[in-house]
Amino acid sequence: MEELVSVILAAGLGKRMKSKYPKVVHKVCGKPMVKWVVEAAQEAGSKEVIVVVGHGREMVEEVLGDEVKYAYQKVQLGTGHAVMMAEEFLPLEGMVLILTGDTPLITSDTLRKLVEYHISEGNDVTILSSIFDDPTGYGRIIRDESGNVVKIVEEKDASEEEKRVKEINSGMYVVDIAKLRAALKEITNDNAQGEYYLTDAVEIIRNMGGKIGAVVGESEEIIGVNSRVQLSNAEKVMRRRINEKHMENGVTIIDPDSTYIDAEVEIGRDTVILPGTILQGKTKIGEDCEIGPNSRIVDSTIGNGCNVMYSVVLSSSVGNNVKIGPFAHIRPESVIKNNVKIGDFVEIKKSVIDEGSKVPHLTYVGDAELGKNVNMGCGSITVNYDGKQKHKTIIGDNVFVGCNVNLVAPVKIGNNAYIAAGSTITEDVPEGALAIARSRQTNKEGWVEERIKKGRL
């Protein structure tokens with residue numbers, strides 16, 4: 001097979017997005033639009049990908065890194081001009097796949113079929129087209145009586161008969177590189193917009209005796225994203241694809257329409273995802289878990305057999321057989337080890353909770369290390385901030401912390417120690433000790449009756 005390279009047009013600003021960011025870096029299911037297109041091209045067999053950048057080039061380059069080459073279109077003078085900017089990176093011969101960076105729904109399967117058809121038919125240009133019930137706004141593919149592609153006509157230039165054609169041009173092509181180079185030398189900007197159109201290059205190749213063909217693709221794949229509404233539509237389609245992929249791999253998703261899973265999330269088999277769940281970033285969920293309802297997990301690892309209910313987990317690691325929630329908040333850089341319980345209205349911040357420990361309810365643990373089999377009583381907190389710096393609390397194994405305890409950091413609690421309820425601990429507690437730091441109770445008998453007599457109650 002001839003060498004295949006790709007050129008992705010990603011220089012436009014996207015005015016209808018009404019954004020300070022270039023259109024193609026807006027995300028669909030957690031991944032920038034242009035990255036979806038790059039990956040589709042690579043999976044379709046492209047040996048090299050050239051991305052034409054313009055507005056916000058630094059942001060596009062930051063998103064894609066060094067996995068692609070960049071051509072710079074300083075002034076946006078049309079699709080043909082954009083391809084001209086990439087010409088220096090093209091090999092002398094072979095095939096070039098020309099794509100647009102705002103079509104995140106295009107799949108590698110469709111691109112492979114496009115390339116295979118191009119080769120099998122011996123075409124010089126093969127257009128990816130689609131059939132739209134309402135083709136308004138798109139260029140039309142005009143065929144002769146034998147079904148051969150005659151031309152692409154823009155809607156503004158189409159006759160009434162041509163406007164009734166429902167086969168539209170997606171703006172994506174496979175082109176013979178040698179023929180493309182020759183055509184680019186011939187195209188002009190002699191039009192109302194003063195731009196160089198790639199469709200003119202297609203017409204020039206045809207007039208040079210080149211063979212033009214078209215492959216009809218799925219309409220949802222070629223829809224470009226030019227507005228926030230179209231972005232949300234693309235997100236909906238991609239979300240459906242992602243959810244279906246997980247279900248095909250053995251994950252139960254109770255209500256796919258209310259479940260939001262990013263592109264790079266991994267989920268083990270026999271895990272159940274309940275409604276209202278949001279899984280983002282590079283999150284990894286193990287097997288036999290139950291996630292949700294109404295939970296959000298971002299860039300975190302969750303082990304096997306875990307339950308996360310009505311809770312948020314951010315950039316943290318969770319072991320096996322851990323119960324989280326309802327209404328818990330696991331903040332970044334936390335490590336929750338195996339068989340731990342994090343209960344309702346608990347916040348864990350940048351802390352390690354070792355195996356078998358329980359933080360059942362109404363507790364704040366920040367900048368702390370909890371040993372194995374620790375029990376944190378209701379309302380106990382680590383007092384980690386002195387107004388300027390954060391300090392560490394270290395709790396040993398098998399420690400029992402009573403209710404409403406303040407552990408004022410920096411402080412260490414030895415193994416097997418007990419902390420009496422209501423205590424404010426400001427000094428280290430030795431191993432095996434009982435620490436009590438509270439006022440002694442005083443009962444004043446008859447106090448109420450006396451106050452009543454004096455009219456004070």
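Glycine is no exception: its Cβ is also placed from the backbone N, Cα and C atoms.
According to Swiss-Prot, the feature active site, proton acceptor maps to His361, an assignment based on sequence analysis. Per Swiss-Prot, UDP-N-acetyl-alpha-D-glucosamine binding site is recorded for 9-12, Lys23, Gln73, 78-79, Gly139, Glu154, Asn169, Asn226, Arg331, Lys349, Tyr364, Asn375. For Asp102, Asn226, the entry in Swiss-Prot reads Mg(2+) binding site. Annotation comment: Swiss-Prot describes Asn384, Tyr385, Ala421, Arg438 as acetyl-CoA binding site. For 1-228, the entry in Swiss-Prot reads region 'Pyrophosphorylase'. Annotation source Swiss-Prot lists region 'Linker' at 229-249, citing sequence analysis. According to Swiss-Prot, the feature region 'N-acetyltransferase' maps to 250-457.
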PLDDT averaged over every residue in the region 'N-acetyltransferase' (250-457): 98
Among Gly78, Gly139, the one of these binding-site residues whose Cβ has the fewest neighbouring Cβ atoms within 10 Å: Gly78
Between Asn226 (Mg(2+) binding site) and Ala421 (acetyl-CoA binding site): CA-CA distance (Å): 60
DSSP three-state assignment for Lys23 (UDP-N-acetyl-alpha-D-glucosamine binding site): helix
Same-chain residue ranges lying at least 6 outside the region 'Linker' (229-249) that approach it to Cβ under 8 Å: 17, 26, 28-29, 33, 36, 104-105, 220, 223, 256, 259-263, 265, 267, 269, 273
Secondary structure of Gly78 (UDP-N-acetyl-alpha-D-glucosamine binding site) (DSSP, helix/strand/coil): coil
Cβ neighbours of His361 (active site, proton acceptor) where a neighbour is any other Cβ within 10 Å: 19
CB contacts for Tyr364 (UDP-N-acetyl-alpha-D-glucosamine binding site) [other CB atoms within 10 A, all chains]: 20
For Lys23 (UDP-N-acetyl-alpha-D-glucosamine binding site), the one of Asn226, Asn384, Arg438 that lies nearest, given that the binding-site residues are compared by Cα: Asn226
Cα distance (Å, whole number) from Asp102 (Mg(2+) binding site) to Leu9 (UDP-N-acetyl-alpha-D-glucosamine binding site): 8
Residues Asn384, Tyr385, Ala421, Arg438 [recorded acetyl-CoA binders]: greatest CA to CA distance in Å: 22
Secondary structure content of the region 'Linker' (229-249), with strand meaning DSSP E or B: 20 helix, 0 strand, 1 coil
